[in-house]
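The next block holds one structure in the form of C-alpha cells; read it before the comments.
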Amino acid sequence: MGRDTRSRSRSAGRRGRRRQSQSGSRSRSRSHGRRNRRRREDEGRRRRRRRSRERRSDSEEERWQRSGMRSRSPPRPKWHSRDGSSQSDSGEEQSRGQWARRRRRARSWSPSSSASSSASPGRSQSPRAAAAALSQQQSLQERLRLREERKQQEELMKAFETPEEKRARRLAKKEAKERKKREKMGWGEEYMGYTNTDNPFGDNNLLGTFIWNKALEKKGISHLEEKELKERNKRIQEDNRLELQKVKQLRLEREREKAMREQELEMLQREKEAEHFKTWEEQEDNFHLQQAKLRSKIRIRDGRAKPIDLLAKYISAEDDDLAVEMHEPYTFLNGLTVADMEDLLEDIQVYMELEQGKNADFWRDMTTITEDEISKLRKLEASGKGPGERREGVNASVSSDVQSVFKGKTYNQLQVIFQGIEGKIRAGGPNLDMGYWESLLQQLRAHMARARLRERHQDVLRQKLYKLKQEQGVESEPLFPILKQEPQSPSRSLEPEDAAPTPPGPSSEGGPAEAEVDGATPTEGDGDGDGEGEGEGEAVLMEEDLIQQSLDDYDAGRYSPRLLTAHELPLDAHVLEPDEDLQRLQLSRQQLQVTGDASESAEDIFFRRAKEGMGQDEAQFSVEMPLTGKAYLWADKYRPRKPRFFNRVHTGFEWNKYNQTHYDFDNPPPKIVQGYKFNIFYPDLIDKRSTPEYFLEACADNKDFAILRFHAGPPYEDIAFKIVNREWEYSHRHGFRCQFANGIFQLWFHFKRYRYRR
C-alpha cells in the first residue's frame, strides 16, 4: 500500500517536472522568436534608411551637376551600422551603387557638360569676378557640408536612441509645435505652459479647438466645413488682434494725454504757488512795515524817538484825516550828527524797500537833503581841523549870495535854473570853472528837494483844513479856486531873462547883488500891483456877499419849521408819531433819573447783552440775504424798516477718523460751521403780544445752503440770512434756544454730529 503511494507520487513528480521543462522550453522559444523578429525589424528599418539616404545623395549630386559644379563631387557620407557587425553592404546594394556611380560619371563627362565647362572660362569677365564666384562656391560647399554633418549627427542620434528618448523627443517636438501655434493664436506667457493634462481648468481638450454647434446653428454657418470654420476663426482672431492693438493705442494715447494734463496741472500748481509765495512776500513786507511803525510809535511814546520815527509819523499823518503836522519834514534834521544822519539814510532805505514805492518821492527828497547835510557837516569838521588843502567848489564869500538867490524860489523856478546850469556844463568852454558849477548843481538839488517837500507840506495842510471845515459845517472857499487874471500893462511885463535870475559866477563880485536887484525889482513891482488888484477884488466881493447874505437872512427869518411833504423826505429818514416821540422822551427822562450810565441807549444795551458769552470759536455773522418783491399791507400806515441784529456763527474742528489720521493739534484740520446764534432786535413792535417767527426755506441756487427768514410784524420788515443746510439739534442740552424777551428774539442752535458706528 505504501509502495503504491510512493510510486504514484514519484510519477506525479516526474510529470510535473516534465511539464515545467516543456513550459520553460516554450517560453524560451517564444522569447527567442521575439528577439529574432525585433532584429529583423531593425535590419529592415536600417535598410530603408540607407535607401532613403542614397536617394537623397543622388538628388543632391544631380543638383550639383545642374548648378555647374562638376569639377568636384560632394563627399560621400559614411553611414555606420547600428550593430557594427559588417561595414559592407550586400552584393545587390553594391552593384546598385556602382551602377549609380557609373551613370553619374557618364553624365558628368557628357559632351554638353564639357562644352559648358569649356565655354565657362570664356564667359568669365575678369579675375576678380572669378575669385568672387570661387569664394561663393566654397562658402556654399561649406554650408552644405555643415548641413550634411548636422543631418548625420541627427540620424546617428536617432539610430542609437532608446524608445523612451524617442517618445520624449516626439513629445518635445509636439509641444514646440503647439507652443508656436499658441503664440500665433495670441496666448499670453501665463497660459503658455498649459497642456491638456496640466492646466488649472481641468480641461482635457484645452489645446483642441472648441466647436459650439448650437452657436453655429444659430448663426446659420453649421454647414461649413472644418477648414472653412478654421479660416473664419482666424479672420475673427485677426480682427480681434487688430482691435486690441487699436485699444492699446488708444490707451497709450489716453495715458499720454493724462501725463500732459498732469504736467499742465503741475505747471498751474507751480504758478499758483509762485503767486502765493509772492502774496506771502507782500504780506511779510507789510508785516515788517507795520512792526517798524509800531516800534516808531513806542519810541515816540517813551520819549526816545529817532529821526526815522518822526519822518514815518509825518508820512503816515498824511493818510490820517485828523493828524496835522505843522512843521516841514526836513526840520527834523536840525541838531543831528553825521553818525545820526548815516543811520537815518539806512533807515530810509529800509522804509523804501518795505513800502515798495508808495512814498518814493518823499523818501528820495529826504535822502538828497540828508546827504547834503552830511556833506556840509563834513566840510565844517574838515575846516575846523585846519586850513583846507584843496578848493571847495564855491568860495565862502559867494556862498551866501548863492543861498540868497536859491532861497524863496518855487520848485518850478529852481528847475529852470537847474536846466540852465546843466546846459552850461554840457556846452563847456575854455574859461568854465567846472568844479564851481558842479558844486552849485549839488546845492541846487538839495534846494529843489526842500522846495518840493515844502510845496507838498502846504498842499497837505490845505487839504486837511478843507476837510476840517467840511466836517464842522463851516463854509469855505473851494480847494482849487479859479483865479481871474487881469491883463498886465506893458510896463509891468517881465522879460525872459529877468524871470529866472542867474546865480552869480565864480569870479564876479558884484554879480550877486546885480542879479538880486534885477530879479527882485520887477517881482516886487508885480507883487504890489497884484496885491492892490487882489485887495480891490476882495473888497468888492466881500461887500456883495454881505448884502446877499443879509437879504437871504431877511427872507428866511422864520422861527417855525417848514412843513415837509413825503416826497421831500430822504430815503433813510425815520418818521416818528407824536405818541412815539413822547414815549421816547419819557424813556430818556427815566434813564437820566436812574443810577448808571445815562448815555447808554437801548441799542447799546442790546449789543452788550448779545456779546455776552462770546467765545473764541465764535465770529460775528452779518451777511444778510436780500428779499425782493415783498409788499406789506401796513406799509401805507407805518414806514417799513429793517430790524437791528447781532448774529454769531460757531465754528470748530471735527475730529473724525480721517482728521485724526491726517491732522493733529499743531496742524489742525479746517474749521467747519457747527451752529449759529441769531439775536434780532425788535424794540418797537406795534403788537407786543405777537411773537416773531422764523422760517427755514430751501436755497434755489445751492442745495448745500438754506434761507433762514425772520418775520415779526409792523413796523419791521422780514430779514433773511443764508446758512448751512444741515440737520439741527433741538435739544436744550446741546444749546438750542428760541425765545423772545425784552424786545430781543434769540434763536440759537447747533448742527447734529453723525458719529461712526460699526
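Just so you know, glycine gets a Cβ as well, placed from its N, Cα and C.
Taking Swiss-Prot as the reference, the stretch among 155-181, 182-208, 236-262, 263-289 described by the feature region 'Disordered' is residues 155-181. Looking up LYS293, LYS407, LYS469, LYS722 in Swiss-Prot for SUMO2 cross-link, the annotated residue turns out to be LYS469.
In Swiss-Prot, the feature SUMO2 cross-link is attached to one residue out of LYS297, LYS379, LYS484, namely LYS484.
In Swiss-Prot, the entry for phosphoserine among SER139, SER404, SER476, SER588 corresponds to SER476. In Swiss-Prot, the feature phosphotyrosine is attached to one residue out of TYR436, TYR559, TYR694, TYR716, namely TYR559. Under the three-state DSSP scheme, SER126 (phosphoserine) falls in the coil class. Reported as a whole number, the C-alpha separation between LYS469 (SUMO2 cross-link) and SER126 (phosphoserine) equals 122 Å. Cβ-based neighbour count (10 Å, all protein chains) for SER126 (phosphoserine) stands at 8. With DSSP classes pooled into helix, strand and coil, the tally for the compositional bias 'Basic and acidic residues' (155-178) is 22 helix, 0 strand, 2 coil.
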